[in-house]
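Here the structure is laid out as structure tokens; the discussion comes afterwards.
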Amino acid sequence: MCDQTFLANVFGPCDKCSQNRALREIYHKNEKVSYCSLCVGMMATEGLKENETLASLKNEAESLKGKLEEERAKLHDVELHQVAERVEALGQFVMKTRRTLKGHGNKVLCMDWCKDKRRIVSSSQDGKVIVWDGFTTNKEHAVTMPCTWVMACAYAPSGCAIACGGLDNKCSVYPLTFEKNENMAAKKKSVAMHTNYLSACSFTNSDMQILTASGDGTCALWDVESGQLLQSFHGHGADVLCLDLAPSETGNTFVSGGCDKKAMVWDMRTGQCIQSFETHESDINSVRYYPSGDAFASGSDDATCRLYDLRADREVAIYSKESIIFGASSVDFSLSGRLLFAGYNDYTINVWDVLKGARVSILFGHENRVSTLRVSPDGTAFCSGSWDHTLRVRRLHCSFLFCFSFSFALCVYKEMGTIEPRIHDVNESQPPSSVLRL
């Protein structure tokens, strides 16, 4: 059976029957072919047993899905906030804007931090991609794309390249140098090519591979050097809007969310979906892994953020209030995992206590929809981008940087009355050498 079909407007010989007809581009066994509608329909019925129809298979799938949900419900005997009742609640706090980055001429759509914890890349509806120094607010690089609505951008792990794309359906990689009057457009390398807009991109743990998500309903893994498609991921029933790579050295899984209200976890080696969650009531705009990699959060147009535990294979928390009626556009965790930052379409950023499920702060400052936000790699700051054309960098208070595992949250916080939190990594005896001090 075909993996995925797309609408097409080409006319020519079908790769299967050789007749000149209107063609559709499909992926069959991860290979791109052009088949007519008749051959696509015949492929859809291949492998059916006698007296077996697509309707009967659909009914069987729904029945199995119902049984799976029943088994999940049997294990759902306690809520996260009940487990965390003995954990001390976080007090209210305020985080002021320390830097405002101005330079885009239209809506900021995406941003990403460099691993050096200082530089930031952002993309905008004005068709420009800008690399900033988050400390001085200077612009270090600027790229003008061949289209507007540059919806995705990402920093390479080495900090020596950026990737971006949008309505051009491509993911382009630009190497970064510090040469004066450099022509970055001449160094552009087109890596990925989708049949619809590029919605998200992320380098894997090296500069040599990149993951992309697209409005054509697919995700894909590409080789940066050759531009070769290494793996495609088919399963979403509508536009894929976001993705996030698992925070591990191997990085063999990632999560994606889309307009079909599904969050799906994928195995990058096989291209198969290994877990799927469908509890949101509208488009999923953002997904982000918990720092330990055992869970992930999602933000949706249904005005809620949700936490999914991958080990329990279910949703464990919902972050919402009756007063919040606007969609959540972007989410990210603090370095410790205790806080969840969520940007909303009502111009605000809500900060949630992950364990308690309570809102601990509302951050103001933007004058339009908050479209993107990311916590810095060292956890000392976070940056948000908005439709008001600006990015704002805020500093995180040191008391929220104490690292603890989601699995041992209760044990650690039970003893925190005698622990003095520091801006230190738990595995290091010295603080980070290049903390962005704001």
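Just so it is clear, glycine is given a Cβ too, placed from its N, Cα and C backbone atoms.
Just so you know, TrEMBL annotations are computer predictions that nobody has curated.
Source: prediction; values computed, not measured.
TrEMBL has this to say about the protein:
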- 51-81: coiled coil (COILED)
- 101-133: repeat 'WD' (REPEAT)
- 191-232: repeat 'WD' (REPEAT)
- 233-276: repeat 'WD' (REPEAT)
- 277-318: repeat 'WD' (REPEAT)
- 330-362: repeat 'WD' (REPEAT)
- 363-393: repeat 'WD' (REPEAT)
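Sorting each residue of the repeat 'WD' (363-393) by its DSSP state yields 0 helix, 17 strand, 14 coil.
Listed by sequence, the residues of this chain that lie at least six past the ends of the repeat 'WD' (363-393) yet keep a Cβ under 8 A from its Cβ atoms are 94-95, 97-102, 104-113, 115, 117, 120, 122, 124, 132, 134, 329-336, 341, 343-351, 401, 423, 432, 434-438.
Shown for the repeat 'WD' (330-362): DSSP residue counts in helix, strand and coil, namely 0 helix, 19 strand, 14 coil. Confidence for the repeat 'WD' (330-362), expressed as mean pLDDT, is 95.
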